[in-house]
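K.L.:
Summarising the annotation, TrEMBL assigns domain 'Yip1' to 57-210. Taken from TrEMBL, the feature transmembrane segment applies to 70-89, 101-122, 134-156, 162-184, 196-215.
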Amino acid sequence: FSGLADVSISQDIPVEGEITVPVGSHSPDEDYSTLDEPVRDTIMRDLKAVGKKFVHVMYPRKSSALLRDWDLWGPLVLCVSLALMLQGGSADSKDDGGPQFAEVFVLIWFGAVVITLNSKLLGGTISFFQSLCVLGYCVLPLTVAMLVCRLVLLAGAGTASFLIRLLVVVAMFGWSTLASTAFLADSQPPNRRALVVYPIFLFYFVISWMILTFTPQ
């Protein structure tokens, strides 16, 4: 380092460049807060977000839309609608009533929570509420199946009616299962995906069975 002693810095050399902290230009969108928007705009924005998630479920593909912007409004509406349509159905025994609102509501949410916990214990990379969001939104095909079955039952019960309801329920059961696995499969370790898909299969199978065996009082 002996050569460094002869090196001197001249005071006449100007310092080039700016030492001030650059401040980026603020766009109006950055200063905009959702607290300042009207209630109507907030509701419409949320409704559009829920509608887009419904579209993703009806046309399932590998997408992170349900995982990135998760919410529980859609699952809540679907769960309440399905529970209301299943309420008051007659069972095989005349002494037993059909599934009531609270039973269906608790069954759906309890099943979704169990599947979510199973997914997390197996090493899933998504959060608890993201999994609930996907499982809840994927009940949409089965809710449509329940609506179709109610309309078919208005025409009368019989062999033809049962076959139509069976085809509709089986198709929507497969749709719900495929849609949910399309969103959740990539978040699981490859060697444990079967252990995650199996509870999902049972979850939608139980709901499908309730829909298929429903007969109004």
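Glycine is treated like the rest: Cβ placed from N, Cα and C.
Help me understand the surroundings of these features in the structure.
P.N.:
Outside the transmembrane segment (134-156), and at least 6 residues removed from its termini, the chain residues within Cβ reach (under 8 Å) are 53-54, 56-58, 66-67, 70, 72, 74-76, 78-79, 81-82, 85-86, 108, 112, 115-116, 164-165, 168-169, 171-173, 175-176, 179-180, 183-184, 200, 203-204, 207-208, 211-212, 214-216.
Residues of the same chain lying 6 or more positions beyond the ends of the transmembrane segment (162-184) and with a Cβ under 8 Å from any Cβ of it are 57, 60-63, 66-67, 119, 124, 126, 131, 134-135, 138-142, 144-145, 148-149, 152-153, 196-197, 200-201, 204-205, 208, 211-212.
Residues 82, 86, 89-90, 98-99, 104, 107-108, 111-112, 114-115, 118-119, 122, 124, 135, 138-139, 142, 145-146, 149, 153, 157, 165-166, 169-170, 172-173, 176-177, 180-181, 184-185, 188 of the same chain lie 6 or more positions beyond the ends of the transmembrane segment (196-215) yet place their CB under 8 Å from a CB of it.
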K.L.:
Quickly jot the same-chain residues contacting the transmembrane segment (101-122) by Cβ under 8 Å, restricted to those at least six beyond its ends, or write none.
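P.N.:
Residues 75, 79-80, 82-84, 86-87, 128, 131-132, 135-136, 139, 184, 187-189, 192, 195-196, 199-200, 203, 206-207, 210.
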